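Just below is one structure, and these are the notes that go with it.
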Amino acid sequence: MEFEPFGVSPWLAQLSDSAVEYWHANRTAIILAALTILIVLRLYFHFTEGTEPLHVFPKIYDAEDKPVKVEEKVEVVTRNKPDGPRRIKGELAKRRSTEVDTGRRQIKTLIFYSSLTGNTEKTAKEFVKTLAGLLEGVTTSSTCAFSQPEALDLAELDLDEYFITPPKLEEQEDVTTDLFYLFLLPSYNIDSINDTFLEHLNETHNDFRIDTAPLAPILGYSVFGFGDKEGWPTEEAGYCFQAKELDRWLAKLTGRKRAYPLGMGDVKSNGTQRLSEWTNGLLDVLGQLARDGTLGDGVPGSGDAAESDDEADVDDDDGEVVFEDDSQPKSTKPKSSGTLEDLEDLGRILQNAKDDGAKPAAPLAIDFTTTTSKRKQPVQAVKEMVPKNSPTYNSLTKQGYSIIKMMRGVPGVRAERFAEAMRIRHCALSLVGEPIFYPHINEFLEMLHGDRISSFLVCNAQHPDQLAALNHVTQLYVSIDASNKESLRKIDRPLHRDFWERFQRCLEILREKRFKQRTVFRLTLVKGFNIEDEAKGYADLVEKSLPCFVEVKGVTYCGTSTSSSAGLSMANVPFYEEVCEFVTALERELKRRGLNYGIAAEHAHSCCILLGSERFKVDGKWRTQIDYDRFFDLLEERGPDGDFTPEDYMGAETPEWATWGNGGFDPRDQRVDRKGRPIER
């Protein structure tokens, strides 16, 4: 029985029941609809009603008078000192490039030495006097001078004052003092100050509290070591071992500021001579420091942007004439006249060897293909350009020395070898650029020989007139790349249509001059091109010109071209055994014809074998070397076109290790494998 509330009408009770049933059936939808309506209303009122201002309490404590302005104090930011140990830094303060240093400076040279017997001390004091006198003649800038050198005994010094940071010397007003360190150090196999000193440098380098290069502020350093070859005959056995170790540590502590290579001298033989050579090299370095303030030479590729661009311009030049569409000259960086990029490329020398005087303007030609375009015509080379009074010869020697000077700070370079390299002795005028075609090649050779520089000239037997007019050269190379016309066309791709006739004429000229010029046939064997040719064809060429020597060499691999029809690959490089077979076959063919040629020398490492005329075989011994001093003496006595033969300046006997069957490797050198490990002989 249903519950019926008392006093409620039936229809109201029925309505109430219906509402309850509807709620239970649709309450979820009703709740969601109500929530949606509330959210919509909330968002509507939020975006339509204005924002009520913030209620701020009144400042009841503010004074009625105007506030007094107080000056703001500038806060000074102070860095807290680190809690850890003090770190000593030896970084060289770098100046901005825009700053101009107009102050005066002086260079102070400190000579450190150690001595147990007193000999090195005596040498050091004499060295100070000698160096002081030599520095007076060194050219310096107007703002730099040399102060009196000072000798310091390592045994009497506080090493921390000189080798942790450079010492602060008493300076004059407005004069900055720069230090230059020199060391005269004998090597002892007993306990001495040297051991203490070297251990101090070791600890300084490995101390984490000290900067990597604490001695970087000095201008540079150099070391000379004294040793005794009777007790230590070689460097491996201990000759000047402490000087070598000192040089190694100083390179690390100074930030690689080795100003001149390590010098070494034997106290019982050549010590004084080596010290003198080392001193002369130092004068050049000190003079450069006084003038420029740096150790560098500023050669292309050293890092300077302008110099690197110059070098890139030279590399992009392929010798072709370039026509510019724009008649206005492009702005280019100034380039010093006479710069030499390749010592063996006389064509490059001639390209850069231009007089400093005014150059005539290049004529312009109208290009009728377009009405507004003008192009430069190629100007014919001035054939009156003589090397004398032009940058050609000077650039050759200057740039050659500059290249060598770059090596003076390289580890392992020795002072005596560096001094020997600073004397140019040989000049190779290579096939690139055809040097014999230079209109004044004889004058150029005369200048070389005047400085007692030997000349090795290479030609490709394509200019018979110039070859006939050539004066004495130390050695004349003729490149013979093929034994017949078709092979020569394929390999050399000659420019002249009558290349074979030119080639034959040159061979005839060489035969006429066989008792005047020391001639060498250069046969480069290329597998797949000319090595398959019979030795008979090459024997015909030798018989026609009768050269002094025939040098047979396998081609050197220089990389493979991406084109399938161009370039050489490793497959074109012959093995040394193949070169030997070719040479022995050529020797047999020459002997069959009654020509007195034999195998004089070999160098297996270079894949090269030398056939020689028996004119250079004396008492059964080959004499393939050159007596250069005798050659220059003959030129001075009889002139550049004098009457003397190659036998007149024939050198000493060929060493036994260079003769046929011995490989040709100098026993004084050490062979190593690809990983640098010594190969047992």
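Backbone N, Cα and C atoms are what each Cβ position is placed from, and that goes for glycine too.
TrEMBL annotations: computationally assigned, not manually curated.
Quick look at what TrEMBL annotates:
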COMPBIAS  306-326  compositional bias 'Acidic residues'
COMPBIAS  329-339  compositional bias 'Polar residues'
COMPBIAS  666-681  compositional bias 'Basic and acidic residues'
DOMAIN    109-283  domain 'Flavodoxin-like'
REGION    294-342  region 'Disordered'
REGION    655-681  region 'Disordered'
Q. Of the residues in the region 'Disordered' (655-681), how many are helix, strand and coil by DSSP?
A. 3 helix, 2 strand, 22 coil
Q) Short question: which residues 6 or more past the ends of the compositional bias 'Basic and acidic residues' (666-681) have a Cβ under 8 Å from it? A) 655, 657
Q) On the 0 to 100 scale, where does the mean pLDDT of the domain 'Flavodoxin-like' (109-283) fall? A) 90
